[in-house]
Amino acid sequence: MARDLIGPALPPGFKEHATVEDEERDPSPVAGPALPPNYRSCSSDSSDSDEDSSSLSEEGNQESEEEDTGPNAKKQRRNQDDDDDDDGFFGPALPPGFKKQDDSPPRPIIGPALPPGFIKSPQKNDKGREDPGQVSSFFNSEEAESGEDEDIVGPMPAKGPVNYSVTTEFEKRAQRMKEKLTKGDDDSSKPITRESWMTELPPEMKEFGLGPRTFKRRADDKSGDRSVWTDTPADRERKAKEIQEARKSFSKKDEENILSGRDKRLAEQVSSYNESKRSESLMDIHHKKLKSKAAEDKNKHQERIPFDRDKDLKVNRFDEAQKKALIKKSRELNTRFSHGKGNMFL
């Protein structure tokens, strides 16, 4: 299995190691740089891994036998340490001076630090690598324990078994409705009524909103009796008696205003004297003319009249009907300039 080598021959120990590596190499051609033998043993199939493990065990036995052989043993031990350190990394190996020490402090963590309960030294497996499964399981257990201590937002779950039934809910609802109906029947026998002062306006405010829509020009001292809002039953009886007495006194005054027999007799004498001795007054002549004119207008035949804009469209707010009503109202002068009801003659 030895190949023809150009140059000085290697020592016996290195030659055997080289032959073992040649056996482990894949006979198929590879384009590009070849991976180290240890990486190939990790990425190959189970059969290759078994062969690699057997070859590594043989190399270990040979190295143990040649521990006392001088520089060869040191070189082999150094190569084995380099292979163990470089396992899991791609690319060129670091020089021996840059090798990470076993007792070196942990690398600084960038970002917020975990609570003290979450910090745990990572465990290593048989090959010297960190086992992420154990660390993740530890974190999951810690998170579960810490989650129980956190404040719970929202309704708390029931502490005991919940006994809910649709039938019982319907029965309770029917019972509440029955009680409501029975109580309503009892209350109907006693109707609730409001007092009169809550539903009726005071006498002074009966015509509220029907009066003039202007402000008062003068101060009104007679603001009205507002004691109706606070009257007791005794006050109402007292006021009712006062109103009856006031009505009686008012009726007595009306009786006094009635014309006496003397005034009536004198009025008849004056009217007979005026008819016989005096001529007809201007007021009487005016009334007679109005009556005759009204009779003529009534008997007059109505004819078709031409279109009048003011009358037909009622442009002017003061139309003919309002004009006639105003004239008719001004004719009744006797209501303003007539004699009084009592004491007609001195």
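Cβ coordinates come from backbone N, Cα and C, glycine included.
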From the set SER104, SER121, which residue is assigned the annotation phosphoserine by Swiss-Prot? SER104
Listed residues SER46, SER146, SER189, SER338, with the one flagged phosphoserine by Swiss-Prot: SER146
For the compositional bias 'Basic and acidic residues' (293-308), could you work out the same-chain residues 6 or more beyond its ends whose Cβ comes under 8 Å from its Cβ atoms? none
What is the total of other Cβ atoms whose distance to the Cβ of LYS277 (SUMO2 cross-link) is within 10 Å? 7
Using DSSP, tally how many residues of the region 'Disordered' (289-308) sit in helix, strand and coil. 11 helix, 0 strand, 9 coil
